[in-house]
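Worksheet: the structure to be examined is printed underneath.
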Ligand SMILES: Nc1ncnc2c1ncn2[C@@H]1O[C@H](COP(=O)(O)OP(=O)(O)OP(=O)(O)O)[C@@H](O)[C@H]1O
Ligand SMILES: [Mg+2]
């Protein structure tokens with residue numbers, strides 16, 4: 001092409017446009033403001049605000065009336081909150097990441113049963129470190145089998161994993177029999193208890209697990225290319241495929257990630273309860289999904305954040321804790337909890353439209 | 001001019017429907033080819049076949065003189081083919097930067113994202129090639145963009161990653177005049193870099209201005225394949241509107257019916 005092409009001119013040149021580069025934040029403060037602005041409407045920021053308000057309310061009530069509302073009591077903080085929240089929050093991270101990829105797993109509760117049985121029985125024969133590794137491995141295997149069924153048959157994961165939920169409960173009863181699995185004397189060593197269920201006054205070691213798992217999950221989901229692919233597949237699988245992302249492979253990875261989370265959460269669970277009766281952990285499935293939804297995960301995929309999932313789990317259990325402390329009768333706890341979950345989900349749906 | 005990509009005898013069926021029948025053409029290195037035709041003529045289907053996202057029912061895909069047996073998106077991506085699809089193919093729930101770099105992120109060696117570097121590149125391309133108004137930040141969600149702004153993001157992505165062939169399926173359908181002009185000028189400039197492009201458009205005047213060669217499709221068949229020197233906007237119009245009959249009549253000197 002040796003001839004110089006004349007430029008294409010469709011009309012008189014327009015006045016100079018505003019360049020994008022000129023509107024970029026220059027100072028650190030501006031950059032922070034900018035980042036904060038683009039966090040709006042993603043769920044995490046808003047639900048964290050709500051959670052903070054509730055915690056402040058509970059703290060004030062507890063300070064005013066320590067006897068009637070023992071929120072700040074060390075038994076409550078360590079024995080109830082820092083023991084329950086980590087297990088649910090870790091499950092919510094698993095369920096939430098899978099939801100971002102556009103899938104559900106309704107067999108989470110059943111898998112906890114199987115994983116718990118595996119932990120106890122392996123610990124009885126080979127010690128707890130081996131048991132922990134085996135439990136995570138079984139968690140991954142179960143989730144990947146669920147995932148393979150979903151991606152290869154294209155059956156909605158809702159139905160496929162609902163069916164698998166019964167199957168996995170059946171497997172755990174087959175493995176374990178009908179009596180609860182329990183640790184043999186001496187299997188629950190001091191080291192294991194200190195690491196997985198240790199009481200340190202105002203908090204328990206589970207909280208440390210949540211912090212470590214949460215930070216790792218945050219970096220993987222929000223700052224790693226693996227997480228970027230999960231968002232792309234859940235947000236628009238066809239568009240992801242057009243840039244050579246393999247939606248099936250990414251969904252399987254999300255299932256496997258959930259498996260790791262279920263493995264860890266089950267280990268923490270049985271380390272505390274010391275026993276596992278298959279068929280008693282089903283309620284965790286919907287609690288984990290509710291926590292993720294409360295924390296801003298979209299039911300149709302593509303939206304969500306680790307912070308939101310963790311806060312969502314914490315919010316549900318803190319409200320429940322408040323109701324119990326306030327001496328609400330048993331059925332009111334369920335009632336208020338249900339209402340709180342629905343309100344939080346509606347709130348998040350509303351915030352969704354505000355994202356920029 | 002040596003040939004970059006040749007399609008030979010390409011057909012495509014969707015079940016009983018044949019949407020492409022025995023289509024052959026070549027794209028030269030550094031050539032701008034206009035792919036024209038009425039709605040439903042098969043242009044986008046050809047674009048998808050060239051990009052490797054849809055497989056052909058029969059035919060050969062010859063790249064730089066060598067047949068590619070299993071054309072797939074990873075395969076064409078490796079060869080430097082980038083496409084702006086008619087439907088943009090963006091993820092609405094992700095930011096502009098994350099869309100542009102989805103699947104091809106700039107990372108450190110452990111796979112962690114270098115977001116600042118990616119934001120800087122995004123800003124740079126959006127400012128240079130696609131002179132689009134109103135985008136405030138590379139961090140904006142694509143769902144918060146207007147149709148034209150979203151199209152600009154798809155263009156920016158293709159422009160950033162293309163190395164040998166840029167395919168544009170109605171890239172200016174949502175763009176205002178200035179942005180259109182910037183993009184058309186960019187295609188002309190690409191020639192000097194040796195990058196070929198295929199432009200699908202319904203605006204024959206635009207096509208005529210920038211394309212070296214024009215291919216007109218009609219009901220899944222190629223009915224015209226001509227250099228700019230050998231044709232005119234009038235002939236292209238006759239071909240698009242009336243099909244093979246129109247070309248024949250035009251060449252015999254009769255006016256458009
Ligand atoms: N996935 C599909 N399944 C069945 N038929 C299809 C499919 N995709 C395209 N077609 C048909 O193939 C024909 C050509 O479609 P194509 O999208 O290639 O047209 P086009 O030339 O790009 O038209 P337009 O100018 O409107 O974009 C149309 O009749 C369309 O209905
Ligand atoms: Mg088309």
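Note that Cβ sites are derived from N, Cα and C of the backbone, with glycine treated the same way.
TrEMBL labels come from automatic prediction, so no person has curated them.
Now, the feature entries from TrEMBL:
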type     : residues  : note
TRANSMEM : A:50-72   : transmembrane segment
TRANSMEM : A:84-101  : transmembrane segment
TRANSMEM : A:106-124 : transmembrane segment
TRANSMEM : A:130-151 : transmembrane segment
TRANSMEM : A:202-221 : transmembrane segment
TRANSMEM : A:254-271 : transmembrane segment
TRANSMEM : A:283-299 : transmembrane segment
TRANSMEM : A:331-351 : transmembrane segment
Q) Of the stretches A:84-101, A:106-124, A:283-299, A:331-351, which racks up the most C-beta pairs under 8 Å with the transmembrane segment (A:254-271)? A) A:84-101
Q) Which range out of A:50-72, A:130-151, A:202-221, A:283-299 gives the transmembrane segment (A:84-101) the most CB pairs under 8 Å? A) A:283-299
Q: Grab the same-chain neighbours of the transmembrane segment (A:202-221) for me: Cβ-Cβ under 8 Å, and only residues 6 or more beyond its ends, written as numbers and ranges.
A: 74, 77-79, 82-83, 85-87, 89-90, 93, 97, 100, 194-196, 227, 230, 257, 261, 264, 268, 272, 305-307, 310
